[in-house]
Amino acid sequence: MKSPVKALSLFDSTCIIVGIIIGAGIYETTPMVAVCMGGWGGTMAAWLAGGLLALCGALCYAELATTYPSQGGDYVYLSRAYGPWAGFLFGWSQLAVIRPGDIALMAFVFARYASTLYAPVPNMGTFYAVGAVAVLTVINILGVRESKWTQNALTVVKAAGLLFIVAVGLAAPGAAHVPASGSITGGGLKLAMILVLFTYGGWNEMAYVAAEIRNPQKNIVRALVFGTVAVATLYLLANGAFLHALGYAGMAGSEAVAVDVVATRMPGVAARLIAVIICISALGAVNGLIFTGARISYALGTGHKVFQGLGKWHPKLGTPMAALALQGLLSMVIVLVAGSFVDTILYSAPAVWLFFLATGLSLFRLRKKEASIPRPFKAPLYPVVPILFCAACVFMLFSSASYAFAEKPVGLLALLSVMAASALFWRKADGTHFGS
């Protein structure tokens, strides 16, 4: 086996999407979103709007992924829309900055909560984070079957854990009545949507493994839509349960909203139980990010000689072993260097939204440039859906870049330096330069 095989079912594909989206964001961001939106009505509206925008993005990616069902996702779309340099820039940025940063982010979350459960010596957090990345990378190297079974199990458990919290919250005595809405400032709305869209991140991951999905013309669309809608439903249920159990004021003032909800019924074990659920949730996100991210590096290696070592599929294990190993190593380096998951967000977020925007715009360009290519699925309500998605990307790009510049300018400059360095690799890879 020297190339990808179609080993992923609809259930496997959906578990990858759901498993990556539901990390720790729903447990961390909900109180601040409530504060920003000024009441329960605004809070629920923000999460509904985030789900609809994520669905718009998923529908755009569904068209691109079914039209070009190859490994690499955005790498393929950007290369075809703008030229090889664009795909190269995306692949290089994912390899050097974005994907290792995303993996490290979720590893930090796992480590933080694992340390509350067992920390026999100081600085166990770093050990837990590095260990999680190392173990899950090895599992992914051993085979696609092992990877998807691990992902499916973690996703089912994390979804069950979130549903358990929802059930406890809805069963709790209702909190005192609060106004449906309060004052909402422009800055508050901006911050709320940044947090909400960050928490919905990951709905596009299925595009990176399109070549490994059975019946891709149907299952890619189903997985993207089912996964995104399922998560949006869970998020709305979770926020409804939080508001019912704690009330708006209690939710907005909570430092550990899920713990506070479970404590209404199970005060003695709430903190440790939630820590276990969040650990499993974070591990599911780490495993999914490792699985899909290596396929981007593999695609980069198949298209450019300078990275040809990454473009090899292990003949016996049936996985992109070199791409997985390098990705794991870089992720562990970021864990050791970044120091916290907040630093990691600031490090990679602007690049993430820049490429989301470029991919959204590529849908318009490819419909004209390659109009003769059959499109098994087309984004509905064109051009409204892709325009909404691109508008959200512009908002997030500006917001994340301005915030990173204000809070962590060194990290933003490092990001720009890494992306600029791709020009040197581009010349070495193709003997040419940007724009040629």
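Every residue gets a Cβ built from N, Cα and C, even glycine.
As recorded in TrEMBL, the features of this protein are as follows:
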- 7-27: transmembrane segment (TRANSMEM)
- 39-62: transmembrane segment (TRANSMEM)
- 127-144: transmembrane segment (TRANSMEM)
- 156-176: transmembrane segment (TRANSMEM)
- 182-203: transmembrane segment (TRANSMEM)
- 224-249: transmembrane segment (TRANSMEM)
- 269-296: transmembrane segment (TRANSMEM)
- 317-339: transmembrane segment (TRANSMEM)
- 345-364: transmembrane segment (TRANSMEM)
- 384-404: transmembrane segment (TRANSMEM)
- 410-426: transmembrane segment (TRANSMEM)
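Taking every recorded stretch in 7-27, 39-62, 269-296, 317-339, 384-404 and counting its Cβ pairs under 8 Å to the transmembrane segment (127-144), the highest total belongs to 317-339. Ranked by the number of CB pairs under 8 Å to the transmembrane segment (345-364), the listed stretches 39-62, 224-249, 269-296, 317-339, 384-404 are led by 384-404.
Under the criterion of 3 or more C-beta pairs below 8 Å, with sequence separation of 6 or more, the transmembrane segment (156-176) and the transmembrane segment (39-62) do not qualify as touching, having fewer than 3 such pairs. With a cut-off of 8 Å on Cβ pairs spaced 6 or more residues apart, the transmembrane segment (269-296) and the transmembrane segment (7-27) reach 3 or more such pairs and are scored as touching. Long-range contacts of the transmembrane segment (317-339) within the same chain: residues 1, 5, 7, 95-96, 99-101, 103-104, 107-108, 126, 129-130, 133-134, 137, 140-144, 147, 290, 293-295, 297-298, 301, 309-311, 347, each at least 6 residues beyond the stretch ends and with a Cβ under 8 Å from a Cβ of the stretch.
The listed stretches are 39-62, 224-249, 384-404; of these, 224-249 has the most Cβ pairs under 8 Å to the transmembrane segment (7-27). Within the same chain, residues 53, 56-57, 59-60, 190, 193-194, 197, 346-347, 349-350, 352-354, 356-357, 360-361, 363-364, 411-412, 415 sit at least 6 positions outside the transmembrane segment (384-404) and bring their C-beta atoms closer than 8 Å to a C-beta of that stretch.
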